[in-house]
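Structure, as structure tokens:
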Amino acid sequence: MNAKIFFSFCCCFLACALGVEAGPYDGLTVQEVEVTCTSSEELARLVRRQIVIEPGDLFSQEKIRESIHKIYAMKRFVQITVEAEQIANGVRLTFCPRQIDTISRIQVAGNKAISAERIKNVLSINIGDQVPPNGMAVLKQRLLQLYRDQGYHQVQIEITAVDDPGFDKKILMIAIQEGVPSKIGSLSFKGQMILSEKELIAFSTLRTGMHFTLDTLEKAKEQIEQAYMKKGYFEAKIASQDMTYNYDTGEVNLVFTIVEGQPLTIRFEGNAQIKTKALHKLINIGEFGRGTLEEFLAENVSKLTEYYRSRGYYFADISSDYAVEGTTPMITFSIEEGHQVRVERITIEGHRAFTTRQLRKLMLTDTGGWFSKGVYQEKVFKEDLLAIKAFYQQHGYLIAEIVSTTIEFNQEQNQVTLHLQIQEGVQTRVEEIHIIGEEDETFLKNLQKKLALREQDPLDLDKLVQTIERFQEFYANKGYIKADIKDFRSFNEDQSRVILTLKIDRGIQFFVGKISIQGIIRTKKEFIMRELQVQEGDVYNPQKIRETVRRLLQLGFYDSVTFQILDPKSTNPVQDMLLVVKETSAKDVEFGFGYNTETYFKGFVEYSDKNVLNYGGKATARLDASIERPKVTLQYRHPHFFMRDNDLVLSVFDDIQKDNNSFEIERRGGRLAFQKKFSESFSTSVGYFFEIEDPSNVKKDAVLSKQDTSIINVAGFDVQASWDTRDDLIIPQKGGYLQVGLRSALEAVGAETEFLELYGQSYVYWELFDNVILANALKGRQIEPIRSSDQTPIYMRYFLGGDGSVRGFERHEVGPTGSEGNKIGGDRMFAFTTELRFPIYSILGGVVFFDAGANWLNDQGFESDDLRETLGAGLRIATPIGPLRVDYGYKLDRRSGESAGEYYIAIGSTF
């Protein structure tokens, strides 16, 4: 006879009941106590220790209940049953605890698109958690949703819990078949009126055929709403999106329904001095959705106030209000402009080292004048104070301060008086400069030359920093890229003198290791290798690395070039390098147009291929169009022809010239040349040229020989050398340019006339003061008929006068004249120009100039009357394509019948 005593536990509530009447066992002795339902002997022993009824005890329901409570307290079981079986001499008790299934491991298989870690995070279940008895379907649904959000609508998932061998735990097995990712099949919109469907698709960045994910969908919705905000529809929303999935094609069809709402209206009230259009430009409606309404209003009130103050309306008061009028959202900015405040007077006290004029020149804030309205701008005035303090520090007044500023407005609040009180302090001068830590005499001599400060100079901390930077650059170019330069300053008692000590620690010398190149697609590796200024094994030199980058960009093959250490954290003396290029389109079309008072309108269009047949050659086809001089040019340039920095240049042209009153000519021909670049500043070229000269409409009194009117061939050789040290090719301020050349036509190589021509030109620029430039130009040419030729053809002779030579004269007005007043041209010429260029205000500059030149025929000799001189002035307006010039030249030696002078309008520097 046996009976079962059953105890059940659920939701932390203990319900215990005896399955049979216990009366039959009362008084019997417990002979055996067993633990079953577990395969773990260790766990069975732990359970056995919780049982308080032992063999030899009388049967007791109370002790059985107490034992069950203690087993349950272990928190490892969900159900405990006890069986009582009558045996010989007593009772056998069998305890059967049903264990809680916990997870020992989570195994994910078949996943590729989504990581196992992300899958586990979505399940929200960890090792040690209970296996959900009825929760597998919930877990599966979570994973299905995750995959569908990522565009995997065909995914299949199985989740099972299997026994973990050797443990009373479960392994959660997740098997995934992802299937093919879904693609966008169609995309359409409903409800839109302001933006077309084409525009909405463009803003969304969604495209048919692209991989569909919920993330891309949400991003597209944000971008569409942002596009509406920029149009002023800040309440526009995507009310719904319908997604239908076609299991046959694996495509998702999307339909967005848009509610546009009403556009936001911005209104300004009270603005009389500043136009509403200008104020509207300051308000970016697209920023409305980035924060709260209050933040948007406050930001734009601040922006408008700052704008008014920048225009001199210091007391402008602006408020804002938001309201919905009908269905239209409206923001109103109410403006009280006040008076425009002008600077009446500026006074400065406490300065002895510098004059008031010197300090006032540092300030952009000024009283009214020709080039300044004298408007008070608070921000500019604060920057002026910083400029004055910096100026003092540059001159050794290290503790100079503007101790007080007084700003006094008049009663009408339309004028302000500014007063500055300066405390200069003592000027500190450099007594001695010591360089320690460097033993190499050659290095020391070079370092001495790089000092931006000299003994007895005022201590300028900016120049001290500049000196340290020069030292670091010097050492870096020697391979010591981590050289450490520290400065120490020792002042005397009153700080009027300082001893500077520059301590140098070279560190280790670095060398170039392996150079890896990435990004080559259409071009060739050799194009890069031939431009490298550093090679494997060379001393690491940042200057040569920068030069390599510059040369590669100059080729026109690449949009960007980076050349850097492969591992910046490495301390290895041999540094591997990585050069990365991003190729650009080799084919370009450029065009431009211009105007000047001599040639009127002109323009050009040019097609170029910078990598012909992927061999690195550059071909260009260019058309220059103007009324007086149309020209077509074809050119091919092959870089590094047979040797480094040696270019082969082949060009052909057809040039029609109608810009000379004495003749017209069509020139057709070509040139084959070799150009050699020896350095960044020095280059040479030597070439062969062949031209067919076809003159027409030659004025009779300008004819000197039969060649002036005959079609002839001109062929020969030319040699040229040039030095260029200008700091800027468009608006040079320092340096110079020198070009000399020789050109000779010879019958032996196809010419029908022979001559020898020498020419040269030189430009020199000096910066006298800040942005005040003295520029000089000198040009000279002479041509001589040689051997069987006795005259130089008219189209080879020189004509002088006009914007390009001697300003103040009409074009080609200077030089020998025929019997009927037409210009003959000379076989000798020179022209000299000196210009003083100076700033006036902002982008406006000015020049004063002196021009002189002469043009004569050698057989008539040079006479003093041949030299013509002019004086003039002009304005310059800076533009992105060069300065716009307006010049007037006045003849200093005006003769009967001549005008007093001439004016010129053109774009670009004179030289």
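The backbone N, Cα and C atoms fix where each Cβ goes, glycine too.
Annotated features, as they stand in TrEMBL:
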| type | residues | note |
| --- | --- | --- |
| DOMAIN | 182-261 | domain 'POTRA' |
| DOMAIN | 341-425 | domain 'POTRA' |
| DOMAIN | 510-584 | domain 'POTRA' |
| SIGNAL | 1-22 | signal peptide |
Per DSSP, the domain 'POTRA' (182-261) contains 25 helix, 28 strand, 27 coil
DSSP tally for the domain 'POTRA' (510-584), helix/strand/coil in that order, comes to 18 helix, 27 strand, 30 coil
Mean pLDDT across the domain 'POTRA' (510-584) comes out at 90
Summed over the domain 'POTRA' (341-425), the DSSP helix, strand and coil counts are 23 helix, 27 strand, 35 coil
